[in-house]
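Only one structure is covered here, and it is reproduced in the block below.
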């Protein structure tokens with residue numbers, strides 16, 4: 001009981017006041033965060049007020065027109081964007097996931113060629129999208145003679161998002177603990193059974209989240225399409241993968257370069273639509289992540 | 001601690017080393033990770049329906065040796081063995097041997113319970129399913145859970161996620177999962193190290209039950225556990241060679257009673273009396 005008889009003066013727990021640096025650091029952190037959030041808010045507020053007069057059904061019921069801004073819309077852009085993203089998902093997701101499975105589950109990391117592949121996937125993810133546009137134009141549109149079609153666009157965008165899909169799928173696969181693989185293999189499961197029945201189901205939420213984020217990045221791309229020379233004034237929706245098309249970002253780009261003020265309002269309204277699609281996809285990703293996140 | 005407080009299973013052990021009915025015969029086994037020789041020159045025999053314990057200080061290679069018996073080391077790039085492990089008459093590392101087939105017959109329970117993030121039922125049914133057994137799954141699952149002394153605790157919640165079970169229950173589920181494939185041997189890699197004393201007792205009691213039907217190899221850090229549960233004990237230690245590299249080696253392999261009462265090697269005696277390790 002020596003502790004109880006300790007004189008009060010020997011234990012000094014009175015705060016000495018936190019150094020001013022602690023507070024300054026906190027403020028620096030918060031203001032960095034504020035910069036990002038304030039500008040996002042400003043952007044949203046600005047485009048919303050600017051585009052508000054045209055944010056109605058005319059926007060998504062009409063095709064573009066250069067002569068009559070009041071009945072001009074971006075229907076073909078919305079349809080084209082959905083076509084491109086849909087087809088990209090069909091092509092890039094399976095390829096990316098399979099590539100990620102190879103790198104995580106089969107590749108021997110001690111071999112130089114596997115390390116080279118890994119390094120180059122990281123490099124590919126950093127290649128500017130305009131370069132993919134050049135690739136699409138030179139190889140897919142011209143050399144393979146796919147022309148300026150939905151297919152050309154989707155293949156180009158698939159190549160663009162593929163490295164990102166691979167990287168995020170690898171992260172998700174790596175998050176599955178090795179003990180699960182060992183448990184499965186120790187029961188006499190083959191490697192493929194282990195991947196198909198344990199690793200993939202456990203990593204699908206992570207893969208889905210990463211893939212959706214990769215696709216939403218692709219939705220906003222204008223540069224590769226510009227390079228591909230996709231038309232902007234398209235007065236019809238794509239009716240198949242071999243149809244010509246336009247996409248929302250390209251239409252926005254085109255509307256802004258018009259001289260009449262009405263078209264600028266229309267552009268702002270189209271930006272709101274684009275942002276709405278993006279936010280929708282991102283919230284789906286967040287929902288998926290929270291809903292299916294595994295705790296080990 | 002100078003004298004370990006051990007209870008011995010003494011007179012119950014019917015076998016003398018001469019009468020051992022071997023499931024495995026290990027002949028001059030060395031295990032390599034790349035160029036590094038992790039364990040060298042192990043000779044031992046694993047008796048049918050006996051519990052063989054492998055004890056020794058950390059880094060002496062006992063888990064490494066255990067993982068040779070179901071070829072789990074194959075999964076580590078660069079791992080290979082020299083010498084022989086005979087499973088009955090068959091060379092476990094023969095050219096024609098399929099590791100998948102080996103692991104069906106030789107099950108394994110790991111240090112940390114690792115149930116799949118699925119229902120209790122699906123955990124047990126997993127092994128039979130991947131091995132192409134489809135008939136009477138309900139019976140197979142019930143039987144395995146019964147043998148693992150878990151049925152009464154989980155029979156009303158078979159569809160519940162296995163991760164909702166307690167640590168001890170999870171480990172018994174992992175044992176049930178291994179049993180469901182109908183193996184001959186069960187390898188246990190420190191199966192109680194993540195469990196509390198009560199859960200540990202349950203697993204040890206369960207091992208005594210399982211011993212009637214299965215051959216069990218257990219790696220343990222806990223000498224009392226080895227003394228309590230096993231028929232034979234292999235004591236491993238690590239030597240440092242002239243180049244300063246550590247190699248695990250088998251010091252002594254004998255009936256558990258003898259290892260804990262009259263060890264023939266000084267190092268074994270030092271270890272079990274707590275003088276090192």
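Using N, Cα and C of the backbone, Cβ positions are placed for all residues, glycine too.
Range A:199-219 is the one annotated as transmembrane segment, of A:52-72, A:178-198, A:199-219 (source: TrEMBL). Between the transmembrane segment (A:24-48) and the transmembrane segment (A:199-219), fewer than three CB pairs separated by 6 or more residues in sequence fall under 8 Å, so the two stretches do not touch.
Between the transmembrane segment (A:199-219) and the listed ranges A:82-103, A:124-144, A:150-169, A:263-288, the one holding the most Cβ pairs under 8 Å is A:150-169.
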